[in-house]
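Read the structure below first, then the notes.
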Amino acid sequence: PAGKQPTFNVKMWLKCDHMEMVLVVFHRWIQTGIHTLLKSGLIFFVTNINHKFYFSFSSDLIPAISNNFVNPDTIFANNEMSLQDIEIYGFDYDYTLAFYSSNLHTLIFNIARDILIQEHRYPEGLKEYEYIPDFVVRGLHYDVQKALLMKIDAFHYIQLGTVYRGLHPVSDKEVIAMYEGCHVPLEIMSDFYGKSSHGHTMKQFMDIFSLPEMTLLSCVNDYFMKHNIDYEPVHLYKDVKEAIGDVHVKGIMYRAVEADIEKYICYGEQTHAVLRKLSENGKKMFLITNSPLDFVDRGMNYIVGKDWRDLFDVVIVQADKPSFFNDRRKPFRRVTDKGVLLWDRIHHLEKGQIYKQGNLYEFLRLTGWRGSKVLYFGDHIYSDLADLTLKHGWRTGAIIPELRKEIKIMNTEEYVHTMTWLQSLTSLLEHMQVRSLGGTQESNTVLAKDIFNSQFGSLFRTYHNPTYFSRRLSRFADIYMASISCLLNYDLKHTFYPRRTPLQHESPSWPEQTSTGAMNIPFQSQQIHIQC
């Protein structure tokens, strides 16, 4: 009837003596409205009986997947955690309390590029390269010796189609030849903190600030190849790393941001609201950041207000994370408002004062803030969170700004159709035990990647598997979210539960569980409170 969802009461059987006939019919059917049928919940089956293939389509409807949209403001749990148990909240500064516009990445790229030209005598022609905002994603690996940028999954396999030399992709055939397959051995992977040291030839870029660094590496590689210049990839990597470091260490970036703060920092009204909510509920708060005092003070004045220090019980700047969490040798130094370092021994960490460097062991001794009553938020999976969860038992929250964009893409009709179709093809392959369905499967796989990023795809997935980034995120973060503003949607007694997704050997016999607010489960403000 007009205006109603069409239903199908059709069961079609195709009996073919040759596999090719099934695939031809299947491909033709793809071209005549498969997305419409899949959206309506069509289920198909393929059966091999006596070497003859039976291909069936059934009209049994499944729940409308297009309605299962994920809320980008959800807090997602890797581990069960109750906010009722949290007494102390800790924060990093950059990309946790302060969020930056894309102008900052352009600034870092341009300054580092000019440092290469002026101080490392790189060709003047590099000035023709500008920052490319959407070229790379976080979490990529860089082979220092081969000058290749790539995405690796949780099992150390390279995702073919995501390997780049300079600004151009490397063919799958060449990648397989160079690595004798797609697997990257453990001994050449990056070390625990993602660095290429002690014989490790891979560097993993886990910091949001590393996006300009990856782009600059790609641009310089591209220039050298384009002009047939012979160069040593290891020297290039070290020079770019040093140039990017100078942007931070020499204070160039800090001075530029302070001079035009509205251009670079996104106004943090919600950040202020989160801090105020925690303070009003009697929670203690502290700040541990690698950034210098002047930079933090200028930013927090803009985001929160001049009284921002009143919200924090302890403020530590230039902490030198991750060394802060492991090196017991560095004592705290008190810093005056004018940046003068005092020499007196620190017996107490006082509210309203600013401290520099120090170490976590001394922090724990002076505050007594130990174990699972402490929740620390940061954007760097390694430098901010890894040691805290593995060695000290703090609860950890990862801030993943890219999450918001990826969820919005996942909620689009194009993505839902593409993934439903790709999953259906995968089930068909598994049932029929054939290696490929040809161009249809490959084009949908490429589309599933390109919908997030044309070069490297999603931050979280490679084909069926999680990325290496996702694996570390699930290990080192109890919860994760797009920004700390997501806390505004939850009561401070809320308990987060990880979704109980079936293991590969388990039957999905229980109802699907989702995070509060993720799909149709309401947030705190939308819930009806029932008194028993």
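Using N, Cα and C of the backbone, Cβ positions are placed for all residues, glycine too.
For reference, TrEMBL has these:
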ACT_SITE  ASP92  active site, nucleophile
ACT_SITE  ASP94  active site, proton donor
BINDING   ASP92, ASP379  Mg(2+) binding site
BINDING   ASP94  GMP binding site
Cβ neighbour count (within 10 Å, all chains shown) around the residue listed as 'active site, nucleophile': 24
C-beta crowding around ASP379 (Mg(2+) binding site), within 10 angstroms: 23
C-beta crowding around the residue listed as 'active site, proton donor', within 10 angstroms: 21
Whole-number Å value for how far the residue listed as 'active site, nucleophile' lies from ASP379 (Mg(2+) binding site) (Cα to Cα): 8
